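A.B. asks: Before anything else, here's the structure in question.
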Amino acid sequence: MPIVISDTLTGTKRELQPIEPGKIRFYACGPTVYDSAHVGHGRSYVVWDLVVRHLRARGYEVRYVRNFTDVDDKIIRRATERREDPVALAARYAREFDEDMDALGNLRPDVAPKVSEHVPQIVAMISSLVEKGFAYAAANGDVYFSVRAFPDYGRLSKRNLDDLLSGARVEPGEAKRDPLDFALWKAAKPGEPTWDSPWGGGRPGWHIECSAMTLAHLGVPIDLHGGGKDLVFPHHTNEIAQSAAAVGDGRTAESFCRHWMHHGFVEIDSEKMSKSLGNFFTLRDVLAKFDAEGVRLFYLGTHYRNPINYSDAILAEAERRLNYFYETLEKVDALAEGTSPAGEGGGVVEDARRALDDDFNAPQVLAVLAEAFTAANALADKRGKKTPEDRARLAAFARDVREIGTTLGLVQRRPAEALRAIRARAAARRGIDPASVEAKIVERAEARRARDFARSDAIRDALLAQGVALMDGPQGTTWKVE
């Protein structure tokens, strides 16, 4: 079955058609590392991780490049505020970002280039644009792209030049010929990082950075480019223009990239979460409160193109759902131990993959899994001894769920280990000490062995009053935070 995506360039859902059959060259815009990653960044890279995982599961050879913007106005400002070297500041936040992405279960990209390591390639690309007449050097040492020289400008963002001109302005100190033009190279200023160039010392503009790194690590044209909806204009619009002008046909967006995908924002009270608005939560702080896999499940519960509302209550619900998944798997694993799965798989896995083929519809996959978990629990909880066929069906369920979980990045831990971790996070949020709960469970077990059921019930009720529910099963007593 073909994979269909919502392509921002055409404004339609259409089949993903790689330039070279069976291979996908994919570039996702990475973070500007001037601060800790926030919850919105986590959503972005879980989305692209899902895209890469599913494409590979469907047999595509994917080369995934995601950059670090470590040369930028925001980095310079933050370093100045903190009296810190901007290179060191960016390197520290890049390391922290990688740690956060690892915690979320994201695969590392094949290449994670940094702007600071690609300045010669950037200078070469700008030189090519100047030579071809798409860019010009100003007297002050800046270099600008001439927007009107590229006929397909604004197609991605569905904006024409007249609309853009009405909102354009020339900032003080800029030497552009046309308010629509944008900087490819910025002349050196005191206290800023500087590199040599044919136009004098300076540093790259934001947009040219991604174009040069795409060319360096994927070549042009590429098959797929991704980012948040806030990048459609101006960043991706400008990327298309300068890339197609420098190494494409100079006329069409497709000569740089064939397909474009953009995800929705994480919102708080219907407003985009962002550092500039000051309404953000760092990913690191959220991962300290909630199980990382639960946070991943939270992201996957909303289609990537739609906005997703953030709150602690919604995250806690995602964590409870994950707890249910692992409780079911723990129960099923015990019942199906030593049993070969029935059949060769299919149903659940193929239904899930078909949902992902349709514009990476993760919420539909979770709906498929919800039905499978309901059926598995009904079978596992059925009274009476399990038949060999029952155990084989349960084994098949566990196999299939874990198989599709490799694409979602979910349910890959041992259930007992996952449940301990989830309980510990939930308990910590309520000020409950897991060790004291475990001690009470031991005390209750001793009371039950002594047939002191009044004491046993009192312990259970006291824990429940604290928000801890006990569950007795064949494997012993477990607990969860209500």
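Note that Cβ sites are derived from N, Cα and C of the backbone, with glycine treated the same way.
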A.B. asks: Could you tell me which of the ranges 31-41, 163-173, 185-195, 218-228 is annotated in Swiss-Prot as motif ''HIGH' region'?
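C.D. replies: Residues 31-41 are the ones Swiss-Prot records as motif ''HIGH' region'.
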A.B. asks: Between 247-251, 272-276, 412-416, which stretch does Swiss-Prot give the note motif ''KMSKS' region'?
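C.D. replies: Motif ''KMSKS' region', as annotated by Swiss-Prot, spans 272-276.
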A.B. asks: Other than Cys29, Cys210, His235, Glu239, which residues of the chain come within 8 Å of the Zn(2+) site, judged by Cβ distance to the Cβ centroid of those residues?
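C.D. replies: So the extra residues in range turn out to be Trp206, His207, Glu209, Ser211, His225, Gly227, Leu231, His236, Asn238.
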A.B. asks: Pick from Cys29, Cys210: which of these binding-site residues has the biggest number of other Cβ atoms within 10 Å of its Cβ?
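C.D. replies: Of the binding-site residues Cys29, Cys210, the most buried by Cβ count within 10 Å is Cys210.
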A.B. asks: Quick one: mean pLDDT on the motif ''HIGH' region' (31-41)?
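C.D. replies: Mean per-residue confidence for the motif ''HIGH' region' (31-41): 96 out of 100.
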